[in-house]
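A short worksheet on the structure shown next.
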Amino acid sequence: MYSLILRERSGSITGSLWNRISSRNMGGGPRTFPGGLNKWQWKRMHEKKAREKENKLLDQEKQLYEARIRTEIRAKMWGNPDSGEKTAKSKQSHGPMSPKEHIKTLADRFMKAGAEDFWNENDGPVKKSDQGSRSGSDSIDSTSNSPIDVRRLVSATCDSMGKNRVFGSSRRGFSSMSRFKRNESSCDEGDDFDAKKLDTLSPFSPKFAGTKEKVKSSRSVVGVIRNKGLFGRRKFRKNDSSTEEDSDEEGDEGKMIGWMDMRKTGSSASLGNHDIKLTKRVNRNVTDEELYPPLDINTVREDLSKRKSVDNVMEEKQEPHDSIYSAKRFDESCISPLTLKALSASGILKMTRVQDATLSECLDGKDALVKAKTGTGKSMAFLLPAIETVLKAMNSGKGVNKVAPIFALILCPTRELASQIAAEGKALLKFHDGIGVQTLIGGTRFKLDQQRLESEPCQILIATPGRLLDHIENKSGLTSRLMALKLFIVDEADLLLDLGFRRDVEKIIDCLPRQRQSLLFSATIPKEVRRVSQLVLKRDHSYIDTIGLGCVETHDKVRQSCIVAPHESHFHLVPHLLKEHINNTPDYKIIVFCSTGMVTSLMYTLLREMKLNVREIHARKPQLHRTRVSDEFKESNRLILVTSDVSARGMNYPDVTLVIQVGIPSDREQYIHRLGRTGREGKGGEGLLLIAPWERYFLDELKDLPLEPIPAPDLDSIVKHQVDQSMAKIDTSIKEAAYHAWLGYYNSVRETGRDKTTLAELANRFCHSIGLEKPPALFRRTAVKMGLKGISGIPIRK
């Protein structure tokens with residue numbers, strides 16, 4: 001009976017459990033941790049806690065280190081210089097300094113060599129006192145050949161003076177009353193004097209002890225105190241207490257003697273007699289000729305001739321001034337034979353001036369900050385040291401590494417520049433086996449980058465900061481490979497160390513070993529970048545300026561001109577200037593720089609509608625398109641490239657004949673880099689800056705450059721009609737995007753973005769020039785961020 005009941009009950013329980021198990025969602029569902037966190041949130045939370053714990057431990061170690069340094073400083077300050085190292089070692093108390101010890105330390109500074117220049121008439125007697133101590137002289141003479149023990153001196157003086165004077169029993173190191181002037185001493189009551197204050201007569205410098213003259217000087221001071229007292233009987237000042245007997249007994253002669261004695265002895269409450277001037281410094285009469293020597297023209301010329309730039313050195317070597325090459329050959333330097341073979345196969349035999357000036361420093365393993373003009377071979381100047389560093393590291397490597405190390409890291413600001421440097425590096429490694437060059441740039445799949453780094457050799461890595469930081473933060477194993485880094489190179493250092501990239505670069509530097517060589521290259525190095533470069537370079541780094549002090553940073557063969565025209569006519573002027581240059585130059589190759597990517601797209605569409613052979617590159621285009629167009633423009637002639645600033649730095653487009661910059665660049669350095677796309681490898685070129693009248697202020701930043709203003713050309717009515725027809729065919733969305741981008745760019749420029757009302761008027765004029773009847777509306781959030789909310793002429797989307 002009971003067995004049947006139990007059997008049925010167990011069957012029902014088993015069925016219900018089976019139903020529950022079968023209804024449960026298995027696999028693929030969210031796994032939650034305590035607090036409703038998924039596994040990624042749980043993982044990040046513990047990683048954050050680990051980082052906080054590590055930072056806390058580092059702070060504790062830093063505090064312990066600073067405490068140890070403070071202890072060492074105190075031990076040095078308290079150590080007795082006369083007793084040697086034994087006394088310093090035995091004195092290991094770490095408490096705070098007493099006021100007396102602090103005063104002694106300050107007084108010791110005024111006894112050092114050269115401190116006489118800081119003395120004044122209140123610091124003590126100029127000459128030694130003639131009044132010596134009669135009594136107690138025997139005891140002092142007995143110790144004249146040994147260091148002075150001032151406490152014995154004071155005790156002996158007190159015994160001999162106790163018959164005539166009554167000394168206060170309590171020791172005072174300072175006075176709480178303001179009865180005397182600066183550098184005067186104070187005592188407890190009236191003419192009472194604390195003899196223990198003579199303890200301050202003892203100098204702390206070892207040079208003072210053991211000399212007979214100093215003993216005589218201190219003997220004379222004791223004699224003055226015994227014969228006259230410190231101040232005689234002085235009259236107390238306001239708010240001080242005195243008796244009538246003291247004031248009646250005081251005479252005029254006593255006043256003067258007491259005052260002079262006070263001036264001689266100085267202040268026992270502050271510095272005592274340690275600042276007594278033993279010898280008077282005689283002021284030499286300086287003539288006007290010594291103060292203002294006449295200028296020697298020959299000396300000035302000789303000094304100027306010593307300041308030689310690389311250009312002057314090349315002239316001494318009888319090289320033509322306009323040549324970028326030096327007389328030195330690559331086979332004269334310490335470069336591997338296989339690399340020399342690759343150079344000779346490429347037809348490169350001589351070094352450029354930049355390579356000649358930097359290669360020896362870089363091959364010696366020194367840090368360097370290099371400034372050189374655009375198109376003078378900077379890439380080769382740091383690729384050759386990178387290859388030699390890799391060869392040296394591979395030959396000296398001990399054992400087998402668990403992971404394949406990366407020995408050289410090169411940072412670039414743009415994807416195109418990274419790809420170009422990688423191509424040059426692969427050409428130099430043509431005959432080297434087992435050495436690979438890889439790139440990490442945006443626009444490619446993350447997993448493909450990881451697979452390529454793991455499967456192919458990579459001793460030299462060329463990367464943009466953003467993508468490299470993504471690999472470091474995603475724990476892809478790249479951090480461990482970078483721990484063997486030997487050489488860190490930053491190309492276009494002024495841009496990468498600017499505020500835009502600096503935070504990413506600092507994070508990357510934190511992941512690199514400190515024992516490394518660092519090289520920074522750029523065509524423009526402002527003072528701010530020179531200061532920030534200390535984050536990357538060592539203190540003893542070399543600064544190599546191949547341009548020269550006071551020399552122009554642009555190429556001499558590049559003709560620079562500027563056209564100031566109304567902003568509404570810029571889209572009419574650019575096609576006119578292009579057609580004029582095409583007619584005059586059969587093998588033309590032109591780059592047109594625009595302020596933003598969407599304005600670039602608008603300009604490209606306009607020129608394409610006008611049947612010109614044109615290509616475009618900007619940040620909004622996919623990476624495959626950018627690479628394809630860049631390679632096509634390098635290999636072709638009779639082509640126009642419309643681009644934004646992604647092509648402004650480092651890109652080596654050969655034989656560019658004209659560079660047009662529409663609108664002001666972001667700064668002076670950007671103008672120089674844009675212009676540097678022409679005139680490369682010592683060839684000629686032309687640069688044209690097209691600005692509006694309200695952008696004329698930018699010319700003040702270029703006043704040291706040979707920029708020639710030229711009048712705006714007269715536009716033909718046929719050209720105007722063609723431009724208007726082509727502009728009307730462009731899609732409205734492209735125009736609206738160009739308007740928004742133009743407004744954002746000039747709002748970020750300090751000079752134009754300061755006055756929002758004027759900026760709105762200029763934006764409306766730009767809007768009408770591109771064929772829009774009214775300006776497109778902004779999102780409310782965008783208008784608030786730009787500070788344009790409530791400005792008339794800026795419509796807000798509801």
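Easy rule for this one: first residue shown is 1, then count along the chain.
Just so it is clear, glycine is given a Cβ too, placed from its N, Cα and C backbone atoms.
Because the structure is a prediction, the values reported are computed rather than measured.
In Swiss-Prot, the motif 'DEAD box' annotation falls on 491-494 of the listed ranges 31-34, 159-162, 491-494.
For the binding-site residues Thr374, Thr376, Ser379, the largest tally of other C-beta atoms within 10 A is found at Thr374. When the neighbouring Cβ atoms lying within 10 Å are counted for each of the binding-site residues (Gly375, Gly377), the highest count belongs to Gly375. Contacts of Lys378 (ATP binding site) defined by a Cβ separation under 8 A and a same-chain sequence distance of 6+ are given as Val354, Val370, Ala372, Asp491, Phe521, Ala523, in order along the sequence.
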